[in-house]
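These come from Swiss-Prot:
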type: REGION; residues: 1-161; note: region 'Shikimate kinase'
type: BINDING; residues: Gly10, Ser11, Gly12, Lys13, Ser14, Thr15, Arg114; note: ATP binding site
type: BINDING; residues: Ser14; note: Mg(2+) binding site
type: BINDING; residues: Asp32, Arg56, Gly78, Arg131; note: substrate binding site
type: REGION; residues: 162-492; note: region '3-dehydroquinate synthase'
Amino acid sequence: MRIFLVGMMGSGKSTIGKRISEVLDLQFIDMDEEIERREGRSVRRIFEEDGEEYFRLKEKELLKELVERDNVVVATGGGVVVDPENRELLKKEKTLFLYAPPEVLMERVTTENRPLLSEGKERIREIWEKRKQFYAEFRRIDTSRLNEWETTALVVLEALDEKEISTIEKPHLVKIILGGFKRVRNEELVFTTERVEKIYGRYLPENRLLFPDGEEVKTLEHVSRAYYELIRMDFPRGKTIAGVGGGALTDFTGFVASTFKRGVGLSFYPTTLLAQVDASVGGKNAIDFAGVKNVVGTFRMPDYVIIDPTVTLSMDEGRFEEGVVEAFKMTILSGRGVELFDEPEKIEKRNLRVLSEMVKISVEEKARIVMEDPYDMGLRHALNLGHTLGHVYEMLEGVPHGIAVAWGIEKETMYLYRKGIVPKETMRWIVEKVKQIVPIPVPSVDVEKARNLILNDKKILKGSRVRLPYVKEIGKIEFLEVDPLELLEVVD
């Protein structure tokens, strides 16, 4: 694979190129820096000593070399597109134009080692006017409203050809496809969020409804609005609503689709890692009511789910780690892919090979569990690993769900080790990996408040016991009924 990035100075070619190299295991080459290395002097000195014409000659020679190389992502110089021969070479490659308006570029750039700006940043407008017709010959990505990870995700998605990773037929169809998100443009109606539209709007069909991000969408008010819109459209039972977003949005979409006209078609395109490895698979749909999370819901399997790990690249830090926690949970439940967590730097840099394998293992394990227990009566309780104490941390500390579950996994495992149930080696390995993913120390909590939360947990069985899932050995899940108040010994 070869990816070339073109654009004005300050458009982010080098920054985004470096991220892409880590995501796709490609070599990163900055053409200006490579010319400097070969010449043994800065671009500014080359301009001063030999002139711009000499520099452009060296630039053209280098470009001809690079289009013959494999597995590279290249940040071109801003003026490479002026030469028509260069443009013809670049048109034969996966070339993306990173756009930002001149006023944004002026905020981003410094004049250091930029000979064309020796007279000041205002020259950017003049340079843009001369070059914009050439940039327009390439696929454009507007970076002005996107952060670095959002831009990276969009460039990678544009550059990738479809590659199928896995197909799961039961309990419902799930396809894991790199580049598969682009199929969403063929959907009849999409429910999505403003953030998803901001990043991926170019792929969404015109027929779409926007809803809030996160748990805010899971209310009767938004359900009513969706019903009114569907009635206004005269939406028939034979058509499909596609939920495009995170877990809250897919929960909401599933609830609406399963109740409107007693059920219309339903598909998901999950855009967060947590939704890909958990919420979009298994047929649980719900909204919140009277302050209680997921208290009104349905069991309704989607007709199909398209999972593209590429779109998780755009996630905010923190939210991304929440998804990694869920994937870690599924990995230790299945016993597959534990070696992925021996590459923490690859996970941190969102390497797509590692992410794709994590998603594949997680979805396959979730599908296996749901097949055996579709209505959450037994084995599916294994998915509650870390959730008993995780619920306590989520409520008392106000942290995101994924972080709370990570702390819950750590503390519940330590409790079971102290009881002589989980072996020391297993406990140490799990705790080490959890701390690696979420390096935030587990806080002490008010024991009395924790006690009240535990006693009111919906997972409490008759006789005030809780069925606690645990990993005795990696890949071996077991259950133990315990007095939930005993768990308090590890939370203070």
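Every residue, even glycine, has its Cβ placed from backbone N, Cα and C.
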Spatially closest candidate among Asp32, Arg56, Gly78, Arg131, the listed binding-site residues, to Ser11 (ATP binding site) (Cα to Cα): Gly78
Around the Cβ of Thr15 (ATP binding site), the count of other Cβ atoms that are within 10 Å: 17
Three-state secondary structure, which DSSP defines for Ser14 (ATP binding site): helix
Among Ser11, Ser14, the one of these binding-site residues whose Cβ has the fewest neighbouring Cβ atoms within 10 Å: Ser14
Rounded Cα-Cα span from Asp32 (substrate binding site) to Lys13 (ATP binding site), Å: 11
Number of Cβ atoms other than its own within 10 Å, given for Gly78 (substrate binding site): 24
Whole-number Å value for how far Asp32 (substrate binding site) lies from Ser14 (ATP binding site) (Cα to Cα): 10
Thr15 (ATP binding site) versus Gly78 (substrate binding site) - Cα distance in angstrom: 14
